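Novice: Quick one: the structure is below, and I'll ask about it shortly.
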Amino acid sequence: MKPQMFFRSVIQFYSKPSWMQRSYSSGNAEFNISGEVISILAKKKPIEPALEPLVPFLSKNIITSVIKDEVNRQLGFRFFIWASRRERLRSRESFGLVIDMLSEDNGCDLYWQTLEELKSGGVSVDSYCFCVLISAYAKMGMAEKAVESFGRMKEFDCRPDVFTYNVILRVMMREEVFFMLAFAVYNEMLKCNCSPNLYTFGILMDGLYKKGRTSDAQKMFDDMTGRGISPNRVTYTILISGLCQRGSADDARKLFYEMQTSGNYPDSVAHNALLDGFCKLGRMVEAFELLRLFEKDGFVLGLRGYSSLIDGLFRARRYTQAFELYANMLKKNIKPDIILYTILIQGLSKAGKIEDALKLLSSMPSKGISPDTYCYNAVIKALCGRGLLEEGRSLQLEMSETESFPDACTHTILICSMCRNGLVREAEEIFTEIEKSGCSPSVATFNALIDGLCKSGELKEARLLLHKMEVGRPASLFLRLSHSGNRSFDTMVESGSILKAYRDLAHFADTGSSPDIVSYNVLINGFCRAGDIDGALKLLNVLQLKGLSPDSVTYNTLINGLHRVGREEEAFKLFYAKDDFRHSPAVYRSLMTWSCRKRKVLVAFNLWMKYLKKISCLDDETANEIEQCFKEGETERALRRLIELDTRKDELTLGPYTIWLIGLCQSGRFHEALMVFSVLREKKILVTPPSCVKLIHGLCKREQLDAAIEVFLYTLDNNFKLMPRVCNYLLSSLLESTEKMEIVSQLTNRMERAGYNVDSMLRFEILKYHRHRKQVLIDL
């Protein structure tokens, strides 16, 4: 319809505006229409009917222009709400502009007043107008207000659309404690027949990956593809980044190539994410190979990429290359940011160049970058690691005078170091300082001090500190949250009580540092070390009443504690009573080790067979065949069969083999132990230094010196440095044998090249040998 024809049809209802009397030209049309809209806003009440005839002539630019020029913010909000009902008039510019207006003084209050006026006047509102309000609250860090706005949509007879759900989900996924609530909202979205889109799944998967919940993220991806939604470039990048975060760089690389073949060409974010994944694992050869391939495709290495590579080189202890790469980066006029400075300071600290790290830290302000808490913490940790506790403490005090105020991590580093050096009282003083400064101690801070108190034998004080953590959080709320699961939040969201659910979670998050399973494990370990196994078992019951679940460390600690006090039967009862933890290899290894110490090698062997069957690595027939071989004394055949299965499944674990080897030594079955050693060496499976020590000592005692020398040479070939005691025993045994005197000379040359202090060892053994010979002659 031509403009002139349209206005003839509506002219009877409205007086002719001045701009319509002029000729219609594209050059000044938008300006004229904007002026007419502002005139209507100033003169007409209500504005909505007067604006309707202008709809065909309005554009996104005009909407933004009017909102920007309107002096009365409330009228600007009302105009935005009216215009946003039409999707073609929505734009990022107007959306962002209104967010800025809401962020100003009383902006949100004026917006709510506008919404209330519209409701009173019977004017309907669209969910889009709530999206902008929720986004504004989120931008200002007022998440509770954002949730409240979402919850109040029903008051305005306004149903959220997928865009609104995406906005509120993004707010909730930022905090781990609100995960349950986010998924309750997602479930409500599905119940309301509001179909999630690609961005919904992207928000949920990104949040899940960032919190380490990779299996849930994978389920979400499967749900997305099951709905016929294909991933786009952003989704692929989220998946690649998530896989890299959990250490699955190879899977991420496959997905990267799949992304390329699907037509979603990776951008710099995806390239950097994959590069960072390999760097985090220290696989620098592959990282640089990837970089070469990327550069062939036109990728240009920037600050993010350089930071990942430098960090990876530091992790791989390739310090020289890391600094060379940093120098190359500077030559390309790429300036480091706070993240790279932190990486460099950490790298220098790990390389033992603490003075250089301090210089870099002090030079940052002159480069226009203020050191943050992470930078200071890296240096403080390095100083404390070298035992320079006073210097670390001084830097913490210096830090207090800057904008980078010490955080819970700073105090935890100092407390750990103090406790490690036996300075528990000083650690307690630092802990007191935290509370006085208004900085809340984290769970890790509490755990560090509890551990220090336990190791110094102050179990009563450690228990009181745990109680102090518990007092900070209402148990009833904790139990309600830990036992109810998502169901209670689903109900609250469905009934419109989303704000109450949010406040419950926020209260839970803000009421102090609740003891976690690590807190209890530290204390249980303290009681076990002190021989108070009954006190440790009571703590097991307490933590379960608090809604916590014991983990493999809990059971491993208790099983070890029970064995130490000779309560073997109870240890096995505890083991068999908890099916969940029969899957943990650590618990199995612990029981196997204790069984071997009591010379029950067959029991240890059968335990591992049960573990393999439990995790479906072994079928019953094969397991029975291997067990029968071991029972009948065919140890080598059983061992080779197991190694063959482990290698085939790519699940080779060193633990059971070394436990059996040491167990055979402890049982005096050195012939079989030597056979295990030979098979492991043949299969290129590393035999641990403790296993070698047991073998050498036992073989020397049985005068099997050739075999003992063979094992010792193996340790030299693998750069193991054994303690002087076993080396002295070997040399002493060789010197007592007249046939082995020549070998002593050859062996000491090898030892000297390996860094052993041969002179002192040899002098000691030769002196001992001569004294022995002298005594023999006297006796004769």
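Each residue, glycine too, has its Cβ placed from N, Cα and C.
When I checked Swiss-Prot for this same protein, it listed these features:
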REPEAT    126-160  repeat 'PPR 2'
REPEAT    161-196  repeat 'PPR 3'
REPEAT    197-231  repeat 'PPR 4'
REPEAT    232-266  repeat 'PPR 5'
REPEAT    337-371  repeat 'PPR 8'
REPEAT    372-406  repeat 'PPR 9'
REPEAT    407-441  repeat 'PPR 10'
REPEAT    442-476  repeat 'PPR 11'
REPEAT    481-515  repeat 'PPR 12'
REPEAT    516-550  repeat 'PPR 13'
REPEAT    653-687  repeat 'PPR 15'
REPEAT    688-722  repeat 'PPR 16'
Novice: Using a Cβ cut-off of under 8 Å, list the residues of the same chain at least 6 residues beyond the repeat 'PPR 4' (197-231) that approach it.
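Specialist: 162, 165-166, 169-170, 173-174, 176, 179, 182-183, 186, 189, 238-239, 241-243, 245-246, 248, 262, 264.
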Novice: Using DSSP, break the repeat 'PPR 4' (197-231) down into helix, strand and coil residues and give each count.
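Specialist: Taking the repeat 'PPR 4' (197-231) as a whole: 26 helix, 0 strand, 9 coil.
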Novice: Please report, as numbers and ranges, the same-chain residues at least 6 past the borders of the repeat 'PPR 16' (688-722) whose CB is under 8 Å from any CB of it.
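Specialist: Distant Cβ neighbours of the repeat 'PPR 16' (688-722) are 654, 658, 661-662, 665-666, 668, 670, 673-674, 677, 681, 729-730, 733-734, 737, 740, 743, 747, 750-751, 754-756.
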Novice: Near the repeat 'PPR 5' (232-266), which same-chain residues lie under 8 Å Cβ to Cβ, leaving out any that are not at least 6 residues past its ends?
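Specialist: Same-chain contacts beyond the flanks: 198, 201-202, 205-206, 208-210, 212, 214, 217, 221, 224, 273-274, 276-278, 280-281, 283, 290.
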Novice: Grab the pLDDT values for the repeat 'PPR 3' (161-196) and give me their mean, rounded.
Specialist: 81
